[in-house]
């Protein structure tokens, strides 16, 4: 080969590498916080000067800037090549430089919509919720900021009837855009903004038929979460077909709402597959929300993969919010039941799992042989009251459908000739549950039974199907298939669904709720708490259908959906009530009050279980099921300051998240953070940790310690008695955890075991979970 050919070949091999070096992508360059010394225009000029140091000229530097974060967060988002990003990351004043990843963050509604559920762990009357609401004046004048997909302002949940003037502390705006202007804000929705620069840089200009380029919600998720946290009380609300009829209300019905739209429809994907939310857009929203004057931020968004703290935009923004004493609640995620699937595990965030509510939507299947199987549905459609022909989907497929997909009712798989006029049973697996019903309808079927696969077991899914339908568990599905195979002319009838209240046991943990231990910070026990996330009725969008499917043209004001997205705003609303009662409490005190007062038993007096009936543990529910009225008077709290979190980061190996703070030479353990729970991931011998309690109950209180040690371990608390002379008196104690030599054989290897320690004064029970694993 001559030298020219060799050079050409080399060039061809190098071209992709050279191209990738110059390929520009959005990076976030993070410096930490602002100290308030510079004006906003000076901060932006400063950010430009950094860009100018790596760009060829002024024009390129200016055009590459996407956001300049100027309020609490100090940093910028810009178009950079990997080489430029690397050069900036080497500068001493830069904390971190990380790439914005499309689809890194998404909304936390479960796509599988596991609706099998039940409401509060205690009967509503015994919660004294009305007393709590009265004490908190229904959250009056507390401002809840929601990062989500927008809201539908005309719906009754967002009415400002009877509300007083907007709080003077509010500094936010009402941003106009598609089908949304200043008049859409009111004394309830006091702020609305949207953030789309990151999204549009990646996907190009927004397709205005997919979404509104404004704070208006074309998805439903944002209207649902914001009305759950702070929606007005709306009597006689129900889902399509009258299901779950009653009063729809947010946790803090007189709180003010501010919507920060950061999540958008993903091009070329169905809305039912979820939205996408970009790092740079969320950081801009968090920076604005802090400056606008919100008191609580509810974020039902997270990552599919756990992120290190210095590359997690939600964690970074939430740390700045915490510095201003804003409570941040985030969803744990819907990647369960596998362990270590949590997102949003920073200790300055309240991380919320999802549990059920005491309500089911019963719709039995009756077979021609007299057998009856209980199903669930929230479809408004009914069959004529008589027996109808029944077939298995695999018997009525088109000839080109492979055997392994025969029973799945995937789009285009059923033969109209064979399915017309029949009730079809389809099995779960591939495709969406509601989509399968859509396929039965397309093929002329008159009804649809959704059978669980073995993996789904007994957890039923209730959906707003497009035709008469119900869902049955795996065992029932197998018996229905046996009946079809044993009968010449199988027939069935689906009984119309009805709402059943006070079902037992409740709550139980949703199978989809993400589990601990935290992959990022195993020394912090997460999630913190669980709240209702199954079968939650709340406001919806007038621009979206209840199933979000293209073939569904129904419009509803309220919808029932599930996910940790739904449980997070329950805690956001509860935090707003606590803020109203205790305006001087820190965000750490509010989180502590919620964790240590949470409930561990269901409505039959037994320990909360998972969806299959096995006992659940703190890696699913944290401190337990939230009880806001108990949290309003917790007795004692585990408080923590901004500096405490920086010391925790130092101990976790993240040294420079705040450049003005120097890590101590001798690093502490991350578990030394004053947290209301205790996680010890690799116990070797004995571990002693210190904790500090602050009295927020009566003066002259005396508390006694007790412990329920994890199996095979001993737990010693010293001193075992603490006395508090005044309110705000602080006392320190130690917890020593040791593996018992006489029980080493009973301790499971490579597995966590759980226990509790509690402080009690005869009135308050201040309980903290423990998770321990041997080294």
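Just so you know, glycine gets a Cβ as well, placed from its N, Cα and C.
Look at TrEMBL and you will find 26-104 tagged as domain 'Inhibitor I9'.
As annotated by TrEMBL, domain 'Peptidase S8/S53' applies to 139-622.
Summarising the annotation, TrEMBL assigns active site, charge relay system to 148 (among others). A simple way to gauge crowding: the CB of residue 148 (active site, charge relay system) has 29 other CB atoms within 10 angstroms, across all the protein chains here.
If you look up TrEMBL, you'll see 213-222 marked as compositional bias 'Basic and acidic residues'. Long-range contacts of the compositional bias 'Basic and acidic residues' (213-222) within the same chain: residues 107, 109, 146, 148-153, 175-180, 184, 192-194, 196, 206, 259, 261, 263, 265, 271, 275, 300, 540-541, 543-544, 546, 548, 559, 561, 565, each at least 6 residues beyond the stretch ends and with a Cβ under 8 Å from a Cβ of the stretch.
Per TrEMBL, the feature active site, charge relay system maps to 221 (among others).
The annotation active site, charge relay system is assigned in TrEMBL to 565 (among others).
Summarising the environment of residue 221 (active site, charge relay system), the number of other Cβ atoms within 10 Å of its Cβ, over all protein chains shown, is 30. Mean pLDDT for the domain 'Peptidase S8/S53' (139-622) in the predicted structure: 94. Residue 565 (active site, charge relay system) is surrounded by 30 other CB atoms, counting those within 10 A of its CB over all protein chains shown. A gap of 10 Å separates the Cα atoms of residue 148 (active site, charge relay system) and residue 565 (active site, charge relay system).
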